[in-house]
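Asks: My questions will all concern the structure given below.
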Amino acid sequence: MTAILERRESESLWGRFCNWITSTENRLYIGWFGVLMIPTLLTATSVFIIAFIAAPPVDIDGIREPVSGSLLYGNNIISGAIIPTSAAIGLHFYPIWEAASVDEWLYNGGPYELIVLHFLLGVACYMGREWELSFRLGMRPWIAVAYSAPVAAATAVFLIYPIGQGSFSDGMPLGISGTFNFMIVFQAEHNILMHPFHMLGVAGVFGGSLFSAMHGSLVTSSLIRETTENESANEGYRFGQEEETYNIVAAHGYFGRLIFQYASFNNSRSLHFFLAAWPVVGIWFTALGISTMAFNLNGFNFNQSVVDSQGRVINTWADIINRANLGMEVMHERNAHNFPLDLAAIDAPSING
């Protein structure tokens, strides 16, 4: 009898836990994805803060030349970063217990791998939590779909690219200057500016900014006046009101006359879908571009593609970009190799007579 009561009590505790986890009445929704999201993001955040402040230099290139990234080792907020895991580790799973000591783990950049893997798992669970809450509230799932764009971008630079290049040392450093370094080296090695998927991503980000600004300014300019001239127009809105807060007909007419009639949406739902879809699709393409360039399917190469009737090269902007790429690659990992791969690929002459 005692055993039966204990089992019922444990089932009751589990049931209460399940109801609490999945309740939409909580101030912050947890959900089953949140059960995994909370510890992974807390771990990633805690280790990032500690490592950014106090981590010792990391031998990123695996050539016994450590690179400093933390504040206590001479960096500031701009130059500081979590240095990627050493090339000596490659793609190996490198938890603390795999190192001979904590000092060795820190020297080989173990915190980077720990942070990145927990972060990616955490943001993926955050996306799942968005879907879970939408499902329980009877909403459509497009919030999680939109969030999949930055999740895909983060996965591309922190996981797919290192896998394609063969080492976590090629991942994006977790810092401002480190991000810029990653971008410059990526351009030097993959000519990303000449990749059509990157171009679509630029169109998505800048186009999304333009459309967001246009929409916000049109709505703000066509608000239905509910206040006097001495009051803020914002005071005329009450949360949850059934009436439209702006005149979509006036906004449609203005924009149609400013550009042309069919440039303006006459359906508020299709308009907002477009505002969401444009940047999301653009960032999807950028993430896909990073993922293909990870395996060295690089941007277009139009170097020396224009010649005159005598066969002399007429330089184009593509040739200028190529020259810049070579210069950037020479400066990258300057002690690990002396020449860009493009130049070093030529067979050296024999010196044996």
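Every residue, even glycine, has its Cβ placed from backbone N, Cα and C.
In case it helps, Swiss-Prot gives these features for our protein:
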- 29-46: transmembrane segment (TRANSMEM)
- 118-133: transmembrane segment (TRANSMEM)
- HIS118: chlorophyll a ChlzD1 binding site (BINDING)
- TYR126: pheophytin a binding site (BINDING)
- 142-156: transmembrane segment (TRANSMEM)
- TYR161: site 'Tyrosine radical intermediate' (SITE)
- ASP170, GLU189, HIS332, GLU333, ASP342, ALA344: [CaMn4O5] cluster binding site (BINDING)
- 197-218: transmembrane segment (TRANSMEM)
- HIS198: chlorophyll a PD1 binding site (BINDING)
- HIS215, HIS272: Fe cation binding site (BINDING)
- HIS215, SER264, PHE265: quinone binding site (BINDING)
- 274-288: transmembrane segment (TRANSMEM)
Asks: Counting Cβ pairs under 8 Å that sit 6 or more residues apart, are there three or more between the transmembrane segment (142-156) and the transmembrane segment (29-46)?
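Replies: Counting Cβ pairs under 8 Å, fewer than 3, so no.
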Asks: About how far apart, in whole Å, are the alpha carbons (Cα) of HIS215 (Fe cation binding site) and ASP170 ([CaMn4O5] cluster binding site)?
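Replies: With distance taken Cα to Cα, ASP170 ([CaMn4O5] cluster binding site) is 40 Å from HIS215 (Fe cation binding site).
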Asks: For the recorded quinone site, whose residues are HIS215, SER264, PHE265, find every other residue on that chain with a C-beta no more than 8 angstroms from the centre of their C-beta atoms, and list them by sequence position.
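Replies: Leaving out the recorded residues gives MET214, LEU218, ALA251, HIS252, PHE255, LEU271.
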Asks: What are the sequence-distant neighbours of TYR161 (site 'Tyrosine radical intermediate'), meaning same chain, six or more residues apart, C-beta distance under 8 angstroms?
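Replies: Those within reach of TYR161 (site 'Tyrosine radical intermediate'), by Cβ under 8 Å and sequence separation of 6 or more, are ASP170, GLY171, MET172, ILE290, SER291, MET293, ALA294.
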Asks: Just name the most isolated of the binding-site residues ASP170, GLU189, GLU333, going by other Cβ atoms within 10 Å of its Cβ.
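Replies: Selected from the binding-site residues ASP170, GLU189, GLU333 on minimum Cβ neighbours within 10 Å: GLU333.
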Asks: Just to verify a number: CA distance, HIS332 ([CaMn4O5] cluster binding site) to HIS198 (chlorophyll a PD1 binding site), in angstrom, no decimals.
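Replies: Rounded to the nearest whole number, the Cα-Cα distance is 22 Å.
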Asks: Any idea of the Cα spread of the quinone site, HIS215, SER264, PHE265, as a max distance in Å?
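Replies: Farthest-apart Cα atoms in HIS215, SER264, PHE265 are separated by 11 Å.
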